[in-house]
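To keep things clear, I will list the structure first and then write my remarks on it.
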Amino acid sequence: MNMVLFLALALVCSCWSPEPNNGEFATVISQGPSLVGVVRKDWASQNSIALSWQEPEQPALPVLDYEIKYYEKEHEQLSYSSTRTKTPSVIITGLKPSTRYIFHIRARTSGGYSSYSPKFEYETGDETSDMAADQGQVLVIVTAAVGGFTLLVILTLFFLITGRCQWYIKAKMKSDEKRRTQYQNGHIPFPGIKTYIDPDTYEDPTQAVHEFAKEIDPSRIRIERVIGAGEFGEVCSGRLRTPGKREIPVAIKTLKGGYVERQRRDFLREASIMGQFDHPNIIRLEGVVTKSRPVMIVVEYMENGSLDSFLRKHDGHFTVIQLVGMLRGIASGMKYLSDMGYVHRDLAARNILVNSNLVCKVSDFGLSRVLEDDPEAAYTTSGGKIPIRWTAPEAIAYRKFSSASDAWSYGIVMWEVMSYGERPYWEMSNQDVILSIEEGYRLPAPMGCPVALHQLMLHCWQKERGHRPKFTDIVSFLDKLIRNPSSLLTLVEDIQGLPESPGEVPEYPLFISIGDWLDSIKMSQYKNNFMAAGFTTLDSISTMNIEDIRRIGITLIGHQRRIVSSIQTLRLQLLHVQEKGFHTERGPAQRKAMGLLDKLAGWLGLKKKEVNVLCLGLDNSGKTTIINKLKPSNAQTQDIVPTIGFSIEKFKTSSLCFTVFDMSGQGRYRNLWEHYYREGQAIIFVIDSGDKLRMVVAKEELDTLLNHPDIKHRRMPILFFANKMDLREALSSVKVSQLLCLENIKDKPWHICASDAVKGEGLQEGVDWLQDQIKTMRT
């Protein structure tokens, strides 16, 4: 078994001051309502909106000008823009197509500003509205030019009316055909409800492409350079000329030559899916080219590429509120997809694209398709490829994909964002990831991650899919965080208790109280037992063992097992939220009890410092017994039970906090705890001196430890316990030293002493040496 022991003497709390508000202040007329009444939208195009309003009737002071404040409805709390005009009308440009905006207007007089008008909500147009506007302008010019030629005007009107009738007839026929096709394919549209239609339900998949994607004339596309490779061919950047002669940047996916019909159908399937979506956080489909070669899918161009690469490139460059804004955008896009009934199945940071304004958009609707030369990306089953590290357990085991499995994946995306693109589960194999998740392991909070965000991650990773939050709830939760930035100040390094959701109203049952926890395992009848015994916080619950459970009056074996199992999972979650410390209140008995490690702290004068000691060794070497002897006397356990699987134990003395990772096996679980190496200042390595056959294995484990990049180049003292010296066949500490080749350790101070963990013999000698070494390091 391998264990990692953390000794935390005190945590350093950091304070954060919000940045000063550098906004512009203006005098506001305190008396009287707004001078601006109803605001009308005169017209709207893709990028502009024209507004007008009535001038105030007989104002007390003449109006000098008007200020118009506006912002996107989706980003109401993030930023806004403003402009001024001296007339009661304005044309606002530089807006996004098909986007809803909120407008407020106030008047300025020599006495200051009036109050803002009520908010007015208007939407910009799409490409068709621009085309209609252009056609209207052309018609006005032509009519004015030929105004004197009555006959020509009559002929022109005649042809226009005739064409309009023909267009109307064709449009009606097309509409009838569309409705007939939908009924034939089992898709009955309901008024006001937009739902996703699976292209695979069409008898002819090509019909789905024509239904949802616009055909683009290839002469309007200019390919500039190759920017990547996809499963079906190259991905290029280029320009698309719109009907208004304006060019916009686009990304172009091409289908490589020599394809078969099935590949063409699969390639265009993504366009059939994308064409059904219209949301600012979903990648926008511009159109397709299917009537010539190469076959192309044209989408909007995202300047910053994939989110994972972008974050790795800009590691540490963003504020927490900026990262939360990115997560909010992704959640908003996923809420839209969920509301439409679409399950993504492959939500990951690599499939999120970022534009120049840091807007994140969900992309890659190819249903978890990956390159064949990426063996770690997905786990292959008879039904296709599954990206293991991002996929919910039920989807891996039973291929049950749902919005709940997308919520699990969203939790992994959150972890990727807060770790700036780190690989989930590090270098663990896919099989180890599956087994670890089954046994209750969840990813720890990245460094500097607010507690509220990691709690949301853990909620997304609930084993029962029905317990995971819906995307509607996630968006609401993140909105509260954005509106209450102070809720993001508590980091995992500083936590003293699990917070409720931001604001005054709790949003999620994130194991905030004893009652929440007991309700979740259907053991609420024992709440009074826990409270009467003094176990009133989740911190204190996480320290309990089976003897404590019996002592508070829980006698049914099945209930004992359920509670102990849940405590083990709770320890994991609490530990990952509190990587660098564990704060609890001590009772009188705890304050009186002193163990060897308390004395170590006293000798070192470390009342305001932190020492982390890694405790490692093979299975059955006696590590658990040694740790038990280091505890305060009232916290020691009489019966030592070997760990099966993965367990974590916590206890606290008068000045120290202990976190013990108890692992069964070395290689399989190493990736779960080796990232704590960088926090260690010393090492305790335990050897079973009576186990001669495994000395070679112990040496290999020691060599692996000493060659780890987080330990190899650091001068860390190593204390070796040649344990079980009471056994007749036990080797001497000198012989153990020779078999482990300890004389080859030149760059780290080390000491070996024989010990009997059961009786506590030899432990004092080792602790004395270790405290001297650490004290030397600190001076």
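Just so it is clear, glycine is given a Cβ too, placed from its N, Cα and C backbone atoms.
Predicted automatically and left uncurated, TrEMBL annotations should be read as such.
Keep in mind that this is a model prediction, so the values were computed, not measured.
Feature annotation from TrEMBL assigns domain 'Fibronectin type-III' to 32-127.
What TrEMBL lists as transmembrane segment is 138-163.
Within the same chain, residues at least six positions away from Lys253 (ATP binding site) with a Cβ under 8 Å of its Cβ are Gly230, Phe232, Gly233, Glu234, Val235, Phe267, Met296, Ile297, Val298, Val299. The DSSP secondary structure for Lys253 (ATP binding site) is strand. Residues annotated as ATP binding site in TrEMBL: Lys253.
The domain 'SAM' feature in TrEMBL is assigned to 513-573.
For Gly617, Leu618, Asp619, Asn620, Ser621, Gly622, Lys623, Thr624, Gly665, Asn723, Lys724, Met725, Asp726, the entry in TrEMBL reads GTP binding site.
A helical conformation is recorded for Thr624 (Mg(2+) binding site) in the three-state DSSP classification. Taken from TrEMBL, the feature Mg(2+) binding site covers Thr624, Thr643.
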What kind of secondary structure is Lys724 (GTP binding site) part of, going by DSSP in three states?
-> coil
With DSSP helix as H/G/I and strand as E/B, how many residues of the domain 'Fibronectin type-III' (32-127) fall in helix, strand and coil?
-> 4 helix, 46 strand, 46 coil
Going by DSSP, is Gly617 (GTP binding site) part of a helix, a strand, or coil?
-> strand
Per-state residue totals over the domain 'SAM' (513-573) - DSSP helix, strand, coil = 43 helix, 0 strand, 18 coil
Can you name the residues of this chain that are 6 or more positions from Lys724 (GTP binding site) yet have a C-beta less than 8 Å from its C-beta?
-> Gly622, Asp688, Ser689, Gly690, Ala730, Asp756, Ala757
Where does the mean pLDDT land for the domain 'SAM' (513-573)?
-> 80
How many Å separate the Cα atoms of Thr624 (Mg(2+) binding site) and Gly617 (GTP binding site)?
-> 10
